[in-house]
Amino acid sequence: MSMQIHAKTLTEKTITIDVVSSDTINNVKAKIQDIEGIPLDQQRLIFSGKLLDDGRTLADYSIQKDSILHLALRLRGGMQIFVKTLTGKTITLEVESSDTIDNVKAKIQDKEGVPPDQQRLIFAGKQLDDGRTLADYNIQKESTLHLVLRLRGGMQIFVRTLTRKTIALEVESSDTTDNVKAKIQDKEGIPPDQQRLIFAGKQLEDGRTLADYNIQKESTLHLVLRLCGGMQIFVNTLTGKTITLEVESSDTIDNVKAKIQDKERIQPDQQRLIFAGEQLEDGYYTLADYNIQKESTLHLVLRLRGGECFGFIFLFLLCFNS
């Protein structure tokens, strides 16, 4: 019985093909050649993440009416790519752009003995799905993938909010910051674009993995919210000068000192910031942690090299009494 199936190309073009379930994959490739002019030996057809063998039939792969195959082109001669492990070792692989991620994992298993189900491959900050091809991710000659190992059973980490609530998350070291934000959204309903995650005083970049930041079992991240549009605050110096800064409540004190350095050329390690009589600590502490809001005024005093801060006691009292 005749039916229609579809073949999707790497350019997102969809080809509709009239077939019967007893057609071989070779027959299907011949039909694609008739429609698109692509030689049979340059075609690779993929369905449900599997590369289809020429001699098998559509029925063998349970390909039914309106199924979608993916058409990838076989590069003549293939190409080399590199896979970097967490230990810094680099593996060289011979591949084709039409190879699926499954195929790549099998090649890694052949070289390194790591079972595919324990592998996670990352490229350009994205975890690669098994059924997709290298071409789907625009992985080209001499591209470098990153290999991280999937921990059996994963691990637990904690996320602490500004309200001191602690969220427990089940993660793996290969999860990206994006993945973690999605898990937080599932639990707390906070959109990822409003989240900032801080660990060891550093803001985590979306495309990086937990392993990149050495985040391990039972580590604690700090969650601060990104204010849409930010806010202005002021910084008064001992000379009476007022600096205006554009900030967000999720900015760390380190971030604020960096902004002051940009404006005033004062090194962060020479700055001390005071608000409401309290010295602000570097690291993961944010403006929100100190309840610093729109148009708040901080006081800047300079740390003398090798000694105390000039005017520190005077300014502390001034701030405390204001």
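Think of each number as a place in line: the chain as shown, counted from 1.
Keep in mind that glycine also has a Cβ here, set from the backbone N, Cα and C atoms.
Keep in mind that this is a model prediction, so the values were computed, not measured.
Annotated features, as they stand in Swiss-Prot:
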DOMAIN    3-78  domain 'Ubiquitin-like 1'
DOMAIN    79-154  domain 'Ubiquitin-like 2'
DOMAIN    155-230  domain 'Ubiquitin-like 3'
DOMAIN    231-307  domain 'Ubiquitin-like 4'
Residues of the domain 'Ubiquitin-like 3' (155-230) by DSSP state, where helix covers H, G and I: 18 helix, 27 strand, 31 coil
The domain 'Ubiquitin-like 4' (231-307), counted residue by residue under DSSP: helix, strand, coil: 18 helix, 28 strand, 31 coil
Three-state composition of the domain 'Ubiquitin-like 2' (79-154), taking helix and strand from DSSP: 18 helix, 28 strand, 30 coil
Helix-strand-coil residue split for the domain 'Ubiquitin-like 1' (3-78), DSSP-based: 18 helix, 28 strand, 30 coil
Mean of the pLDDT scores, which run from 0 to 100, over the domain 'Ubiquitin-like 1' (3-78): 88
